[in-house]
Every structure is written in C-alpha cells, then in structure tokens.
C-alpha cells in the first residue's frame with residue numbers, strides 16, 4: 001500500500017499543478033480582459049461622448065453668429081471651435097483604438113487561454129499515465145495476490161461452515177445421549193458415579209504434575225452464585241488443573257488450548273430463585289472488564305465433596321462443591337457440561353484422597369505456594385497471574401421489605417406506557433432554537449454540544465471542519481445515544497437566542513441597544529467588524545464559512561469584559577453555586593474562566609456564599625423514612641430525632657467551611673447543581689478525577705450525597721471508581737455503607753472497578 005500511497009500523492013501533486021496552470025492561464029487572463037480591457041473601452045466611450053457633446057455645442061454657437069458680430073468675438077469662438085474639434089477627434093481616435101484592440105484580442109486571447117489549458121490537461125494525463133504505466137506490473141501482482149487471498153478466505157469460510165455443522169451434529173448427539181443416560185449416573189445419595197477408565201485417566205494426568213508438568217483437566221464457563229445477600233449469579237471462567245486446584249477468573253484471559261471443551265450459551269431460565277438479581281447482573285450478559293484478570297482460588301478439594309443440584313433452587317444443571325469452610329453453588333450451561341464437570345471434580349477428589357496426604361495437598365494449594373502461578377507451571381495460560389481476594393462478589397445490600405419489588409415494577413410499567421418526546425422536539429421549544437444559530441435557516445436538525453446551539457445541515461458542515469476543540473457537532477435525529485438527560489438539560493438552559501447574545505454581541509446587527517460608537521468595553525476598535533454581516537440561509541457557502549470562522553475561531557464578535565482573576569473566580573464560583581448555567585457559560589466564553597478552579601485559590605470572603613449553598617442541599621432519607629442529614633466529609637449521620645445543641649450546630653458549620661478547602665467547581669456542581677451544570681463543566685475540560693483536600697473525587701461526593709444521576713454521568717465520562725480518598729475508601733464502598741438501593745449505579749460501579 002505504500003507504493004500506491006506514494007503514487008496517489010504524486011498524482012495529487014500533478015493535479016495541483018494543473019489547477020494552478022488553469023487558474024493562471026485561463027481564469028486570470030479572462031478576468032484581466034473583463035476587468036481591465038473592457039473597462040478601458042467604457043472609459044474611452046465616455047470621453048468620446050463628452051467631447052462630442054462639447055463640440056456640438058460650440059459648433060451651434062459658432063453657426064448662430066450674425067454678420068454684424070464684432071471680429072474679436074468671432075475670433076474667440078473660432079478658437080473654441082477649433083479646440084473642441086481637436087478634443088473630439090482625439091477622443092474618437094482613442095475610442096477606435098480601444099475597440100480595435102478589443103476586437104483583436106477577441107480573436108486570439110480566448111483561443112490562446114483555452115488551448116493552453118487543454119495543453120496543461122494533456123501534460124497532466126500524460127504524466128499520470130506514465131506514472132501508472134510504470135506501476136502496472138506491481139498492480140497486476142497485487143491483484144493476483146488479492147485474488148489468491150479471496151480464494152483462501154472462501155476455502156476457510158467453507159471449512160468453518162463445515163466444522164460448525166459438525167459441531168452442531170455433535171451437540172445433538174451429546175444431548176440425546178445425556179438425556180438417555182443422565183438418570184443412571186448418580187447413586188442414591190445424589191453423588192455421581194465414575195467409571196474406572198475415567199478415574200485412571202485423571203489419576204494419570206495428576207501424576208504428571210509431580211514431574212513438573214501441569215495440565216488442564218477441565219476449563220470453561222460456569223455461573224457462580226454469590227454469597228452476599230443479593231445471591232446473584234455471575235459468569236466466571238473456571239479451571240481445574242492436574243495439581244488438584246480449582247480456581248476461576250472474571251474473564252478468560254487466553255485462548256483455550258486445542259482439545260478442551262467449548263462452552264455453549266444457554267438462555268437464562270424464566271423462573272427460579274435469583275432470577276431478578278441475574279437480570280441485573282452485568283457479568284451474566286458478558287460485559288468484559290479491562291482490568292488484569294486475577295485468579296481466585298475456591299476450596300481445598302481434598303476435604304470437599306460434590307452434590308448435584310443447588311440447595312433451595314429449581315434451576316437446572318446446578319451442582320455444589322461443599323467444604324468445611326465454604327459452599328460453592330455452580331451452574332453449568334447444559335446437562336453434558338454438568339456431567340463432565342462433576343465427573344472431573346469427583347475424579348480429582350478421589351485421586352487426591354488415594355495419593356496425597358493432607359499436608360502435601362496444603363502445600364500444593366495457592367496459599368502454600370505464595371499465591372501465584374508461574375508461566376512454566378501451566379500449559380493453559382501464557383502469563384503468570386497473582387491471586388488476590390475478590391471484593392466485587394461481596395457487595396452487600398439491605399433488602400427492602402414487601403413492596404420494594406412492586407415499586408420497581410410499577411416504575412417500569414409507567415415508563416413503558418409513557419412515550420418520551422424526541423430530543424429534536426424538546427430542544428426546538430427553547431427560545432431561538434426554531435432557526436439556525438448562524439444563518440437563520442428554519443427547523444435546524446444538527447447541534448454543537450459544547451456551544452449549546454442548534455444548526456442547519458450546511459452550517460454543521462462548516463462547524464465540523466473547525467475541529468472538535470472548537471465545536472462538537474452531532475445530529476438531533478441520527479446520533480440518538482448522544483442526547484443524554486444532562487445534554488438536553490444544558491441545551492434547554494441556553495438556547496440559540498442566548499448563545500448568539502454572547503457570540504454575536506459586537507456584531508453591528510445585534511448592538512443590544514448600545515450607542516453607535518466604534519469602541520468596545522475594553523477599548524478595542526470595532527470599526528473593522530462593520531463590514532461583516534450575518535449571512536442568510538440562501539447566501540453562498542463561502543459567506544457562511546467566513547462568518548462562522550470569524551465568530552467561533554477568531555471570536556471577533558465577543559465583548560470581552562476585563563476583570564482580575566480573583567473577581568472572575570468569585571463570579572464563576574457563585575454561578576455554579578446558584579446553578580446559573582447561563583452565567584457560567586458567559587464567563588467561560590467571554591472571560592475564559594478556568595473550569596478547574598480550586599477553592600484554595602479563592603478569596604476567603606466568599607466562604608459564606610459556599611456555606612449557604614451547601615446548607616441548601618436536600619437532606620437524604622433514612623431507611624425508616626425519617627430525614628437524615630449527611631456531612632459529605634464525614635461518615636457520621638445525624639438523624640432528625642437526635643437533639644442538636646448550639647455548640648454542635650456551630651461545630652458542624654465550622655467543619656463545613658473547613659471542608660471547602662480543595663473543592664473544585666466540578667465537586668461543587670456535583671453537590672449543589674443539576675446534571676446540566678456538570679455537563680457544561682465537562683464539555684469545557686473539567687477534570688473528572690480531580691481530588692479535594694481529603695482525596696475525594698467528584699464521584700465520591702455524588703455517592704455520598706445520593707446524586708446517582710450525576711454519578712452515572714461521571715462514570716460515562718471516565719471517572720475512576722477505584723480512586724481512594726485519604727481514608728482508603730472508594731466510591732463503591734461508600735455506596736455499600738449508604739445502603740444504596742439503585743441497582744443501576746451499583747452495577748456501573750462494579751463494572752468500572
């Protein structure tokens with residue numbers, strides 16, 4: 001492809017030369033003919049008409065003289081007549097010369113320009129032909145290689161289809177055989193029986209591990225029932241190796257070796273225990289995490305036994321591994337997989353009991369071997385991984401009594417019956433949004449996310465060429481996922497009318513009642529902008545492009561207000577505290593306010609303003625229904641039933657003011673503003689993972705204040721759910737402490753961990 005790229009770049013150079021030659025030899029010459037030569041003819045014709053009129057007037061005056069006129073008068077008029085005639089003849093000859101020059105140029109000028117242009121085209125195509133003719137052998141070679149690749153791909157595809165058909169036939173055979181022989185595989189206690197040949201095979205494989213060769217006896221996906229109060233099911237990749245170790249991963253980190261079982265998907269059952277929690281479980285639906293896969297050891301199989309079916313559950317394909325320390329309830333994906341897992345695990349248990357002592361078995365466990373597995377010990381995984389305790393499986397939630405499930409169903413039913421309005425219908429109701437912000441075209445269906453303006457399709461093309469650092473263009477009808485509640489909230493708070501009042505304030509057509517002077521607030525001369533006019537929707541594309549570039553890139557029509565940094569920071573902080581998105585937007589655009597402003601950089605005189613804003617936050621609710629007030633920088637919870645002394649009230653106010661230290665604007669928005677303000681700050685570069693003086697990120701504050709809508713927005717924009725504060729606690733841990741009942745935020749926090 002490199003040769004093709006070089007050739008196409010060379011052809012592009014030829015084309016640029018051709019364009020330059022056409023512009024020089026045809027366009028410039030024709031423009032010179034029209035603008036200069038024809039203009040000279042017009043001037044000569046005007047001079048001729050003027051001289052002819054003057055000559056006619058003098059001649060009539062001369063012919064009207066009487067015989068008795070004095071000689072001196074007659075002589076003077078004769079001189080005027082002679083002078084006028086000379087001027088007339090000179091103008092006539094100049095006009096004839098100009099006309100003859102034009103007529104001569106008409107015969108050869110255009111022909112020369114067109115023929116020179118055609119000659120340039122000839123050289124262009126000749127150069128292109130010579131270049132591609134030299135590459136003809138290479139082109140044929142690449143075409144032949146592509147044809148061979150196509151044939152190989154077709155053969156591989158046919159082979160793949162045949163293997164899939166064979167695999168389906170094998171599944172059918174296994175399913176029929178499993179149905180016929182499933183009831184004969186268990187004894188009276190529900191413990192599976194193992195054939196002598198299978199036991200010998202497993203024992204032979206395990207003996208190989210004593211010689212330093214570790215093999216995988218069985219590996220594949222199983223659904224594991226969590227031991228927490230939710231008892232949800234999570235899909236994990238389990239491995240049983242020849243050392244008698246059973247461990248699992250959150251995801252499969254390497255490709256399974258040849259010959260091992262291939263997992264088959266099965267639809268979740270429509271009934272049974274744990275169904276609701278399974279539907280909420282992201283792991284069951286195959287969401288893959290980006291963290292390094294870590295192996296989790298289960299139990300010591302030497303002291304374990306296996307039972308068929310789950311306790312108090314009517315789910316199929318389940319079995320339990322029971323040990324003195326813990327019980328694992330697992331579910332296979334088919335009856336054949338269930339039988340195979342039970343057979344392999346039981347064979348390993350039997351082999352351990354017959355060949356190893358408890359001390360040896362303990363030494364071969366992960367805890368006895370230092371919690372790691374080297375790359376040379378395992379043939380199933382290519383890289384060494386460390387064992388660490390799982391924390392995501394122990395998420396504890398307080399179960400709501402009685403009608404908690406009823407509320408979920410009722411809310412779901414209400415949302416199903418209610419038809420939400422489309423984003424385009426919602427946003428066009430805002431002032432000015434019925435027209436394009438730049439050209440006034442009706443019914444705009446595109447928008448700029450960071451500018452908060454609605455645009456027509458032609459102006460959106462210009463915005464797209466400006467780059468995403470200037471304007472992030474999205475469609476109101478095509479980019480459905482972009483229009484989150486936070487974005488719609490921001491757009492409803494602004495509108496094209498307000499946005500244009502900011503970006504076009506110095507435009508002559510929108511003086512906003514200011515006197516017609518040429519001096520702006522900051523003293524700059526604005527007379528240079530008087531020639532710029534806002535284009536109409538029918539104007540040329542070049543006029544719109546020039547205006548939009550001047551408006552958003554050069555920022556020629558913005559009225560800059562000069563103020564010191566402390567005053568600007570104070571106004572920005574007050575705007576976020578009051579949830580005034582228009583004021584914050586104006587400060588960001590006009591004065592380039594810092595969206596990553598930190599409270600430590602603020603003047604101390606405004607601490608009362610922040611204190612008022614924090615005191616106006618809505619209180620949370622206790623599980624019993626009584627109001628509960630959170631101090632977001634403390635784990636203490638004060639209930640309404642507890643008496644508050646004046647000293648304690650004063651102490652809490654002082655603590656609140658002390659907690660202001662290190663807060664950023666995004667921290668403040670997450671505590672006192674709505675999602676629209678958070679969206680505005682994020683659009684203009686707010687740091688989503690900035691920490692305050694206690695090491696807490698905005699996500700910590702959202703969880704502690706119960707603002708789950710804000711937390712979901714931060715997580716979707718890259719917030720680190722594993723960031724720890726100075727107390728060593730993450731947002732997930734605070735969510736557990738606060739007994740959060742929002743399933744969505746719990747799943748999001750777990751998925752981002």
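Even glycines carry a Cβ here, placed using N, Cα and C.
These numbers come from a predicted model, not from an experiment.
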Scan 332-359, 360-387, 388-415 against TrEMBL and say which stretch is down as region 'Disordered'. 360-387
Averaged over the domain 'Arf-GAP' (421-565), what pLDDT does the predicted model reach? 83
Secondary structure composition of the repeat 'ANK' (661-693) [DSSP: H/G/I, E/B, coil]: 17 helix, 1 strand, 15 coil
Taking DSSP helix as H, G and I and strand as E and B, the domain 'Arf-GAP' (421-565) has 55 helix, 13 strand, 77 coil
